[in-house]
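According to TrEMBL, the transmembrane segment annotation covers 25-50, 62-87, 99-118, 130-150, 198-220, 241-260, 272-290. Annotated domain 'G-protein coupled receptors family 1 profile' per TrEMBL: 41-288, in sequence order.
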Amino acid sequence: MRPEEPFNKTEFVFQGLTDNPLTQYIFLLIFLNIYLIIVCGNGVIFVVIWQNSQLHTPMYIFLLNLSIIDIASTSNILPKLCIMVFIQTISFEDCITQLYLFISFVCTEAFLLAAMAYDRYVAICYPLHYIIIMSFKHTVGLSVTAWMAGLLSPVGHVTLISKMSFCASHVIGHFYCDISPLLKISCSNIYDVEMLTYVVGILVGFFTLIFTLLSYVFIISKILSIKSKPGQGKAFSTCSSHLTCVIMFYGTMMCLHMRPTSTYSSKFDKCFALVYAALVPLLNPFIYSLKNKEIIKGLRKFKGQ
């Protein structure tokens, strides 16, 4: 039963991943190395695309933005997770900021993945009109729109949560500030926040997912109509990396947010949050570079320089 008396909103304490000191130091080493690999891997892809004028095409411009998202989203969570072995507290203002950035990056990534699906749809279904439809101006416009929509999406959540009262227990059962663990320790009526979460989830998550899936329905239909097997393989290879990232992203997001707060499980959420915060950004550079001849060529040129 929740205590009725609210506490002064000055700081929260993270529960973290474990209470065992030895395990905490092991996690520190693991996640510090993962964070450095994520920053270096995505940073190299960013520099390779930025410096190589031949890669200034819609697909690689979107990939450049995705690399920024991966670096920014992990920088919002993993460094705090690493120093949690020493400092487990976070101020209320920093907690709200972390929450805002987390939701912003998630929403921006959803819009970017949808834009990348649209790019592949145009490239495969309308190859003769690709240069006209996906012009540089159009590509930049889609990227800016994705960022603006992502940055505006969490404004409602941040406004409502910042006005809420919290119970005497100010321990967040997580390793970063997220909606569900904050609502779990709130003494206020959480109905408005939950409804807003579903609305934003539908407007951002559901519609971008449906748009992405519809794009792939047309893409797969077009690929199957190609008579030559090599032609089908070549067409599908241009989409396989993006499709893999879409599955990982929406899979973790659905498990994290598309369910009632009453079913909230700290261990369950921590596992999927780690997948999103560490594993997905870690794999993205490898997924997009290992089978991409242009990226590999750019990496060799970058290595030579």
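A Cβ is built for glycine as well, from the same backbone N, Cα and C atoms used for every other residue.
Quick caveat, the model's predicted, so the values are computed rather than measured.
Counting C-beta pairs under 8 angstroms (sequence separation of 6 or more), the transmembrane segment (272-290) reaches the transmembrane segment (62-87) with 3 or more such pairs. Mean model confidence for the domain 'G-protein coupled receptors family 1 profile' (41-288) is a pLDDT of 87.
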